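*Asks:* Before I ask anything, here is the structure I am working with.
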Protein chains: 6
Amino acid sequence: MKDLINGILKFQRDAFPARATLFKNLADQQSPGTLFISCSDSRMVPELVTQQEPGELFVIRNAGNIVPPYGPEPGGVTATVEYAVAALKVSDIVVCGHSNCGAMTAVANCTCMTHMPAVAHWLSYADSARVVNEARSHASATAKADAMIRENVIAQLANLQTHPSVRLALAEGRLALHGWCYDIESGRIDAYDASTGSFVPLAGHPSAREAA
Amino acid sequence: MKDLINGILKFQRDAFPARATLFKNLADQQSPGTLFISCSDSRMVPELVTQQEPGELFVIRNAGNIVPPYGPEPGGVTATVEYAVAALKVSDIVVCGHSNCGAMTAVANCTCMTHMPAVAHWLSYADSARVVNEARSHASATAKADAMIRENVIAQLANLQTHPSVRLALAEGRLALHGWCYDIESGRIDAYDASTGSFVPLAGHPSAREAA
Amino acid sequence: MKDLINGILKFQRDAFPARATLFKNLADQQSPGTLFISCSDSRMVPELVTQQEPGELFVIRNAGNIVPPYGPEPGGVTATVEYAVAALKVSDIVVCGHSNCGAMTAVANCTCMTHMPAVAHWLSYADSARVVNEARSHASATAKADAMIRENVIAQLANLQTHPSVRLALAEGRLALHGWCYDIESGRIDAYDASTGSFVPLAGHPSAREAA
Amino acid sequence: MKDLINGILKFQRDAFPARATLFKNLADQQSPGTLFISCSDSRMVPELVTQQEPGELFVIRNAGNIVPPYGPEPGGVTATVEYAVAALKVSDIVVCGHSNCGAMTAVANCTCMTHMPAVAHWLSYADSARVVNEARSHASATAKADAMIRENVIAQLANLQTHPSVRLALAEGRLALHGWCYDIESGRIDAYDASTGSFVPLAGHPSAREAA
Amino acid sequence: MKDLINGILKFQRDAFPARATLFKNLADQQSPGTLFISCSDSRMVPELVTQQEPGELFVIRNAGNIVPPYGPEPGGVTATVEYAVAALKVSDIVVCGHSNCGAMTAVANCTCMTHMPAVAHWLSYADSARVVNEARSHASATAKADAMIRENVIAQLANLQTHPSVRLALAEGRLALHGWCYDIESGRIDAYDASTGSFVPLAGHPSAREAA
Amino acid sequence: MKDLINGILKFQRDAFPARATLFKNLADQQSPGTLFISCSDSRMVPELVTQQEPGELFVIRNAGNIVPPYGPEPGGVTATVEYAVAALKVSDIVVCGHSNCGAMTAVANCTCMTHMPAVAHWLSYADSARVVNEARSHASATAKADAMIRENVIAQLANLQTHPSVRLALAEGRLALHGWCYDIESGRIDAYDASTGSFVPLAGHPSAREAA
Ligand SMILES: [Zn+2]
Ligand SMILES: [Zn+2]
Ligand SMILES: [Zn+2]
Ligand SMILES: [Zn+2]
Ligand SMILES: [Zn+2]
Ligand SMILES: [Zn+2]
């Protein structure tokens, strides 16, 4: 807690004044272009990795960067996706996994979850990725976990496509979906290429070439 | 998308090398001390406001910084709280609201949510704050929304106390709960003081004095 | 069944006539002051133990005197609490556990519930008490069950505080919550003192001294 | 609260000593013969009306004496029925409605429940009685509410018959179901006769004649 | 797929022209008299077994011919029953099990369902039949499965009677419920006779004699 | 009922003997190649339209040929899909809508569903198609309903792709998904071509050309 409070004092002394005009303009409104969905993991900071300033990324973070499919009892992720797409009209949604993800490693390794029943229940939303990953052979437990992290991103993109707001925006051509995977040690990001069904370095991904 | 990709290139060129050792150390493990629960709002960046580096904050972000009470069908917030407290053993949980929150303003003003049913469903978890706030008189719609933002933080702290992992950690004296409210325009943070039932500037809050 | 029918005849012959005026006055209305939540257990009769006449106690009884936290799919307990607080405007809610409780003993002893899946599901609402109780050492299985009965009462008081109607009434200062534990063999009642976090004989409890 | 505490002192002084042996025998076990399901209403006290002593009635009380049908997310009523039938092996279940029931009157009159959403949700379990009652003509609003109270008892008996523990006990001939309606003003009880589909005074009901 | 497409060409060439007038009359409306609920099993084709033409049977098919009891989160079966009874006003509902049913055999034999969690969850709606069947002795595993198939039909008839639309139609005397069991090898159908609690050959069943 | 019973007699007399060998072979096993998901509508008989014999089509039928996305409380459709894909290993899934569908017409026209709450709840699984359809302009109410029927088929194909068993089978290249729409009056079937996002006559669809 002491670190946080000292950090806040530092923010107010240093980081805030440098952005005073920005924050003044943002006081009454936001207009982010991207919904960024990533893990709660402390090592993956969306705004740092993408070097975005306040006002630019609408962010969902939960254990495993999971997006449940749409259903009649929508939870927080579904509601936040709906708000981002239907109210804020973001043009892009990024689902971003990361290396060494505790949640996905637990899924890949069938870690006993008896003492964390809520985690176990939540990670069942990665089942559609898990069964695909389990049916393949992997060189090692680490390779299996790495593959699980990527399969999970792909599965969550499929889940996103059951959301009414997402389907509407896709049908109207005003939304693009992206699946990324961030490597903590190297800072590299790979992106999912649906046309080939594989991940490629972001720099070489069609969306990046287009954006360039 | 172009901005994000350029930002990532900038991160890899500038921000990553400056933290290469940090990221190398973090490649295989994390040990965050705090679970920080805040809104998906693009203007409130937890790591910026608290000036924390990767590895320090475990983060949940959703529309309205909501924590559903514990129940038999746990969703993403419940699972992530459980993981943070039971597996990562964080010592502090901060629930941090913010000024001009779209979600809480909608709740305070009874905004029609017919076209965003998932948002409406999710915001019902703020009902216990809403009914308290509605029973009071407010000088203006803005004042009512501001009060709602704070009541919501208080209500989510109550919800947190129904989670088994939280109750256990509280009973064992290894966890503290904090309710904050961040003002976008001024950068100020107010903190909830349960002993008086009111919000006070963080600098003057008992937890800050203790931390100092 | 024969006993019940004979009892009813006895009631109509003896107990009813003595209360005929009372029942006539109650025919079209009720105005109970207290919501009393206790176990379905046949040995703990709320109106007997408190010597209250018809019209005085609004009563919820279920296995384990459990109050689920508030959520979007409210069940019978949540509805009945809402009715008691919002419609009947009771001024007190008592959650009353009891010695030798079959439900809490099963929870404390991890009794296999495979053949009673509904009981197992329902008792998961005592999980936040169970994990606290399990983390402590107990002199015996009986002591562990006794402690569980009390932790459960405390946990249900926390659950109650997520209910909108309860939060509103508490905020308006028109409702008090009480946690009790009744001993079948001795007739003694202990009451939870939140200021010390322990149970004390009801006679010595602040609420009793105040009431005196 | 003062009344309750005085009542408890009176219980300990008068009512308990007279039953000291009974309570001593009950300290470690219960063996009730009947599960009695009635409304939370303060005017209908099961043990008074049936003149039963502690240890004789296992009791469920909730707003509207409702028993949800069995399903995969069982709540408190389902769990308590299962415990009564499968563990305690009760031989009889009584569902007992009562005159002037606030819950059933609200259902019969389509009372606006906007401010009590949990009550509204819970009372949807009386829908199968409501639609039957609404399809009939009634002489007055009171007559409609009275008929609703009875239809509700019949519907809850149907719901009970979806519970595995109940079906098993019925199939083995060791359980009987009863539907009653208690009149507060007169103390009279009518019982449902499935063979004729109508309520008759309990004294004239086959089960009473059999019991006699 | 090739078989299906060839079949469709054959239908368009042969079967359709023979029914062109029928289909023209049915283009804008349907008025089926019966709701037929049977298993998804490929070997039990309702329209073939009953020799009914298009327009005559409204059909629900799912694994195990299951009808969940009515509840606040109604699924597809509940909705389709409601539509059939309340909108289409069918006069009969048939629940039709069949010999060698994979779903019921799995239930009867406690087949491990770990790899099919959705099937396991769904088949819990047959629990009220399973516990009755398990409590009896059976000459062989096959006999146990055969008995399970029949108990399941009986249990689903009980579940149907918790549906508001069904209760209303039964109360108004405009709906009859039927429980059947079809034998694949012999083409025989047995029907449940509620008055005796047993299955009898359909030809000898009261409903058939009445229909004759 | 009389028609059904006469139909069954006719089946036993005529249709069964002609298939006696087939039924004998099917008595102990089934091995259908296709899971066919269509509406409960009496006018659309899958086995007739595709001219398939018993043993060839595993069939799900419900109001609106809906497939909820995968989730932690799976219902009958999810379970039956899982059984078809994981246990029976079907190679094709057809989702087949039909002209003049009452369910989809109700969705397209925003028909009031107050008196059929279960239908309303169930049809919310077509919301992701409804919002897309509503955002387009349609020449008439009929055209709007026709378009809704097709959008619904597309949306259900997206929902199917969240099911673990389906994702696994797709990843392993042993399953194909098909979206069809059947016209009652003409007997014509159009098929969805994902590459163009439109429906084309089945005869001209790639899958048919391939099958030919
Ligand atoms: Zn992670
Ligand atoms: Zn916000
Ligand atoms: Zn108890
Ligand atoms: Zn009542
Ligand atoms: Zn079957
Ligand atoms: Zn249809």
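Using the three backbone atoms N, Cα and C, a Cβ is placed for every residue, glycine included.
Per TrEMBL, the features are:
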type    : residues                            : note
BINDING : A:Cys39, A:Asp41, A:His98, A:Cys101 : Zn(2+) binding site
*Asks:* For A:Asp41 (Zn(2+) binding site), name the DSSP secondary structure in the helix/strand/coil scheme.
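*Replies:* Note: A:Asp41 (Zn(2+) binding site) is coil by DSSP, not helix or strand.
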*Asks:* Neighbour count, 10 Å Cβ-Cβ cut-off, for A:Asp41 (Zn(2+) binding site): what number do you get?
*Replies:* 29
*Asks:* Look up A:His98 (Zn(2+) binding site) in the DSSP assignment and report helix, strand or coil.
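*Replies:* Where A:His98 (Zn(2+) binding site) sits, the three-state DSSP reduction gives strand.
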*Asks:* Using a Cβ-Cβ cut-off below 8 Å, which of the binding-site residues A:Asp41, A:His98, A:Cys101 are near chain B?
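*Replies:* Sorted by position along the sequence, the hits are A:Asp41.
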*Asks:* Inside 8 A of the center formed by the CB atoms of A:Cys39, A:Asp41, A:His98, A:Cys101, which other residues of the chain have their CB, for the recorded Zn(2+) site?
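*Replies:* The answer, listed by sequence position, is A:Ser38, A:Ser40, A:Arg43, A:Met44, A:Gly64, A:Asn65, A:Gly97, A:Ser99, A:Asn100, A:Gly102, A:Ala103, A:Met104, A:Ile149, A:Tyr182.
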*Asks:* Are there any residues at least 6 positions away along the chain from A:Cys101 (Zn(2+) binding site) with a Cβ closer than 8 Å to its Cβ? List them or say none.
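*Replies:* Non-local contacts for A:Cys101 (Zn(2+) binding site): A:Cys39, A:Asp41, A:Gly64, A:Ala145, A:Ile149.
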*Asks:* Identify which of the binding-site residues A:Cys39, A:His98 has its Cβ surrounded by the largest number of other Cβ atoms within 10 Å, counting every protein chain shown.
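*Replies:* Selected residue: A:Cys39.
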